[in-house]
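First the structure, in the form of structure tokens, and then the observations on it.
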């Protein structure tokens, strides 16, 4: 692959080899050598001359220094819990200060060392599963705490405002948190939540569909319809495809027949966005009670929103036996294949009136992200048609990823973090070193595209990976590290909504993340308006997928550190978790909102990351962009026979 003007293609760039760790190790060895020489000198004098109290004390002091140096260099990294204990012990009033003279202050939050340490650290590789089971239980407790706040103060509303302890409708008033949370509760075995959520849906949701007004097609499809369909499957409604989930059957289960009934009613109303449009591109908004649809005020649709609907409608056709849902949704992707692209990349706006792109802004962040995700995932979902009628989707995905590597991937200075930037005015204008947290979905998507859900080890043993697959998997791992460093570079250990990166020849400047001990403090820029954290899932989503595929324990460790930061700074005692206004300051100012995706995605992915890999295996399930797992389906013929 040839490089673009002024930069090398991704495959030709250096990968960070852990230089900071090697330099630190060299410094420890140098100090140890000096101390040993001093000890040898003193020993020689002792043999040649008279032994005195002063010499004895000198020998004792040198021995102590050697012990401290050896102890420090052999410890490796210190876990987050141990850092907190050390910090608390030495900051108590009146506590002795002598030990603090000998050790560096702990990181806030602690940052894991480079990848090389993981490969050589047998303690990490031998971490007992019981420890991860315990950590998984803590995620379940966090989910139940989040639900308790919602249930007590906002039941039936779309979202909880945990600080003011009330509910708010920002997604059309369909109780989005209830539906988004149900399959998470089923997966975790949270019986009480399953019972409460499913009862509310059975008693209220159908009525709300007939009474409520305007909703966004995309948000309602991925959160509400996706949540209903996933819960239907996990509750045993889809018997033909339900044997592979690995999710334990609990005593509390939702009523799958009712879930399917509500799903069809909702989808029938949402389908007006497709059938009312003059082109294959659906209108952005639907008025549920009137069964009407209209475009956004500016007449445009987000490219990601129009193209991130197919998994849900295809699966609904599968379980209902009615092909109309799949036919309407797939018209969008069939239309997209006819439009011009920039090396597979597309602008973030599209006009449903003309069916053409609007503007030249190209990015994998907001309004662009899940278009690329669904090119792959729709292809993955329809297993029987991967090499026939849907082959074009994987070809479009492959071309787009080549375009990403050629046009959007860069490395930071001074430390070489790999990131994905933007082309705000098209390929012939300036490159922007800006990356939304939303882009952190990409490592997981790249890994899934490389191995199709099986482990890297199995794929290599069976010679299933091409050179391009291996390159994409390496890019996935490099981008995941960058996404994690966006967390660890801040004072709170939580990522901002948007980051900018310092690159050669770009004058972009601004404040850092606040964690002055981070190796990447000069690589990552966080501007004042971008410092908020909305409890987003994209990074932990990619950690989950990469752990499943690479089986590298560092992804679990990173996920655990992120979870601890959520617990420390966003948990609200009265119930729920809150967003933050500024992740770079301590204590961080809070923003009074708990997004539905915290329960539907963030905590679900963390729970699965710490669990066994036979739960919702990636070669049997595909997760929609709201983390609702749907089974991979084999053929339309099987669909009709199993209904």
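Cβ from N, Cα, C; glycine included.
Bear in mind that TrEMBL entries carry predicted annotations, made automatically and left uncurated.
Note that the coordinates shown come from a computational prediction; the quantities given were computed from them, not determined experimentally.
Listed in TrEMBL for this protein:
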- 219: active site, proton donor (ACT_SITE)
- 369: active site (ACT_SITE)
- 440-483: disulfide bond (DISULFID)
- 497: active site, proton donor (ACT_SITE)
- 538: active site (ACT_SITE)
- 625: Ca(2+) binding site (BINDING)
- Query: Looking only at 369, 497, the active-site residues on record, which one has the least crowded Cβ, with the fewest other Cβ atoms within 10 Å?
  - Reply: 497
- Item | Listed recorded positions 219, 369, 497, 538, 625, filtered to Cα within 10 Å of residue 483 (disulfide bond) | 538
- Item | Lowest local Cβ density (other Cβ within 10 Å) among active-site residues: 219, 538 | 219
- Note on the structure: One finds that other Cβ atoms within 10 Å of the Cβ of residue 440 (disulfide bond) number exactly 29
- Let me know the most crowded of the recorded positions, choosing from 483, 625 and counting other Cβ atoms within 10 Å. 483
- Note on the structure: Rounded Cα distance in angstrom between residue 369 (active site) and residue 497 (active site, proton donor) is 14
- Express the distance between the Cα positions of residue 497 (active site, proton donor) and residue 440 (disulfide bond) as a whole number of Å. 11
- Candidates 219, 440, 625 (recorded positions); nearest Cα to residue 538 (active site) turns out to be 440
- Roughly how many Å separate the Cα of residue 625 (Ca(2+) binding site) from that of residue 219 (active site, proton donor), to the nearest whole number? 10
- Query: How far is it from residue 440 (disulfide bond) to residue 219 (active site, proton donor), counting Cα to Cα, in Å?
  - Reply: 19
